[in-house]
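Feature annotations, courtesy of Swiss-Prot:
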BINDING   ARG26, GLN27, ALA28, GLY29, ARG30, PHE45, ASP75, TYR151, SER206, HIS320  substrate binding site
SITE      ASP75  site 'Transition state stabilizer'
Amino acid sequence: MHNKNNTILQTIKGEKTSHTPVWFMRQAGRSQPEYRKLKEKYSLFDITHQPELCAYVTQLPVDNYNTDAAVLYKDIMTPLKPIGVDVDIKSGIGPVISNPIKSVSDVDKLTQIDPKRDVPYVLETIQLLTQEKLNVPLIGFTGAPFTLASYMIEGGPSKNYNYTKAMMYGDEATWFALMNHLVQVSIDYVVAQVEAGAELIQIFDSWVGALNVQDYRYYIKPSMDKLINGIKAKYDVPVIMFGVGASHLINEWNDLAIDVLGLDWRTSISSATKMGVNKTLQGNLDPSLLLAPWDVIEQRVREILDEGMERGKHIFNLGHGVFPEVQPDTLKRVTQFVHDYTSK
């Protein structure tokens, strides 16, 4: 295959690149008209279970927007069903779990994952994409143990994580048993994605910002160390860490054996650099800005790129996922602008 665009991998290695790489969290699906047409007929689980469809949705933004990476279209809940979690995606709510974890005996009932047997459709999608179709690296992903555990304990999305924190503080045996279980599930799931052809992995710890630094260090960080070191022990694949509203944890993340630290829109690249972050930085346009007039978007994107170019080792992205209301043409223009502005 000729001229594969490996800008994102080169950036992570600290090599000189022709431009700043760009991709968008939730770029696959969401606002694309082709995707919306599919969603009239199929649910999220329907699409992810059909490799041809899933590969099509994953590739759309690369073809339409010219992004420098593809990100697998699937949900962080994907590995939970096979281990015994009764999860359903309810429209307008998100994942709903009818058998929440309440005790250590509930954790004991969970099984481990065998990705080839349990999620072959995920691996087949990756194989379809990476064999000749894509000219950019494919990002695989997993939810982090805390975020997966919070869904499993709360029974769905939560605003304050009361049940999760109650278990953490009040029943450490169950908490750490669940974390250890999810670490192993996540390692096996990620390693299978890499073996199928994923060239980067993003770990989404979407909700971990709900914890303070002290609790993160004690209840979460050991599991994150195990997870990342477990992946790296098998493959030297770049790992991106991302969570929302977690700027107080940036130094904790910087200690982990990750390669890229994803910033949400609240923390600038220059302030993360001043805090001593030495990883590649990813981000961090406020996704709501994509609904603003173009001159405002361009100005904000330029500010982020200026900070990124001054620092080096920067991947342009949003500070969270694309909203469904965003016009596909806006994402195309942003990608083009990033490429043009940084290649001068």
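Yeah, the Cβs are placed from backbone N, Cα and C, and that goes for glycine too.
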Legend entry - Fewest Cβ neighbours within 10 Å, where candidates are the binding-site residues ARG26, ARG30: ARG26
Inset, instruction - Name the secondary structure element type, per DSSP in three states, that contains ASP75 (substrate binding site). - result: coil
Inset, instruction - Note down the number of other Cβ atoms within 10 Å of the Cβ of SER206 (substrate binding site), including every protein chain shown. - result: 22
Inset, instruction - Look at the binding-site residues ALA28, ASP75 and tell me which residue has the greatest number of other C-beta atoms within 10 angstroms of its C-beta. - result: ALA28
